[in-house]
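Scroll down for the structure; my scribbles are underneath it.
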Amino acid sequence: GLRVAIIIGIAGTCIGSWIKVISVEPDRFWVGFLGQSIVALSQVFVLSVPARLAAVWFGPSQVSSACSIGVFGNQLGIASGFLIPPVIVNTKGEPSEIQHDLFVMFLGIAVFTTILFLVIILFFKSEPPTPPSYAQAQQQGETQIGFLDSLKRLMKNGPYVLLLTAYGINVGIFYAISTLLNQIILQYYKDGEEDAGRIGVLIVFAGMLGSVLCGIILDKFHRFKETTLAVYAMSLLSMVVYTFALDKGIIVVYAVSGLLGFFMTGLLPVGFELAAELTYPEPEGTSAGLLNAASQVFGILFTSIYSAIFYSANDTWANAIMSVMLLIGTILTACITSDLKRQAAQAKS
């Protein structure tokens, strides 16, 4: 259920945040590592929530927009991670100053997550009194099936497996570029650390805008496969442009990076919603969770591949390989059969 999952997620985040508060002494690195690991494990209970929450609480004309706003929230957290630490922590100060700044930042985060924890305990409900749609009512009326049985059916669903692979490729490449962004920028622009940070923020904010716009488009037209394919193709085009634009001036890099973030992150809610349509009446949390898992696996793989090519050859070759992978993902997306089961169930009402 939503309430149990969210409470576990925020409780772990809160506990991990307080552990980090007591880790600011220079000899307590492993305490900080423990706290951060608890926070990281807790996000598993939160990342897949947007698709499930949107389906449980919102009707067919709002579900995609609600999912996109949930993804927007995830991206807002990432953007805050880019923006807040450099403002609070002076990394060029004395060790005692850095320790004090870290304590202030960790304490602020711990207090904030504690407030969130209390608000969720008091006000967050697992589901509304009545289902918001016919499809959701039918889904809630289904006999509860074990997770492994649901997993087996998902793995036998051909269109979903194609989406799972294509989605993992796209988001995995996005993770690889984000991870190595600093090294890529510094190769062309010396002393470009601040530019790399700002470009990272721009990518995230552009992605937030893309997520919301894609959600609105889905709610308006209900063209799930077509929207997914269009966003994927634009991600490929943006990646090709990015490959050959890095040496054209820092302003060009800003513009192209924003375009890349807009479409690559815009695929997140679109992928969640298409997965929900292809796999209905399976729980949206399961299909979305597998998409997140695939993106993590591909993210580790592509980060390793990109890094190896980047340091042994150059970034142009690394970006070209990523473009080829996006081309493969675009072809896989085009092969998905547009079997919108949730829309069909809703039409019966």
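Cβ atoms here come from the backbone N, Cα and C positions, even for glycine.
Where the annotation comes from TrEMBL, it is an automatic prediction and has not been curated.
Feature annotations, courtesy of TrEMBL:
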| type | residues | note |
| --- | --- | --- |
| DOMAIN | 1-341 | domain 'Major facilitator superfamily (MFS) profile' |
| TRANSMEM | 5-23 | transmembrane segment |
| TRANSMEM | 29-51 | transmembrane segment |
| TRANSMEM | 104-124 | transmembrane segment |
| TRANSMEM | 160-185 | transmembrane segment |
| TRANSMEM | 197-217 | transmembrane segment |
| TRANSMEM | 229-245 | transmembrane segment |
| TRANSMEM | 251-276 | transmembrane segment |
| TRANSMEM | 288-311 | transmembrane segment |
| TRANSMEM | 317-340 | transmembrane segment |
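Counting Cβ pairs under 8 Å to the transmembrane segment (229-245), the top-ranked stretch among 29-51, 104-124, 251-276, 317-340 is 251-276. Highest Cβ pair count under 8 Å relative to the transmembrane segment (5-23), across stretches 29-51, 104-124, 160-185, 251-276, 288-311: 29-51. For the transmembrane segment (251-276), the partner stretch with the highest count of Cβ pairs under 8 angstroms, out of 29-51, 160-185, 288-311, is 160-185.
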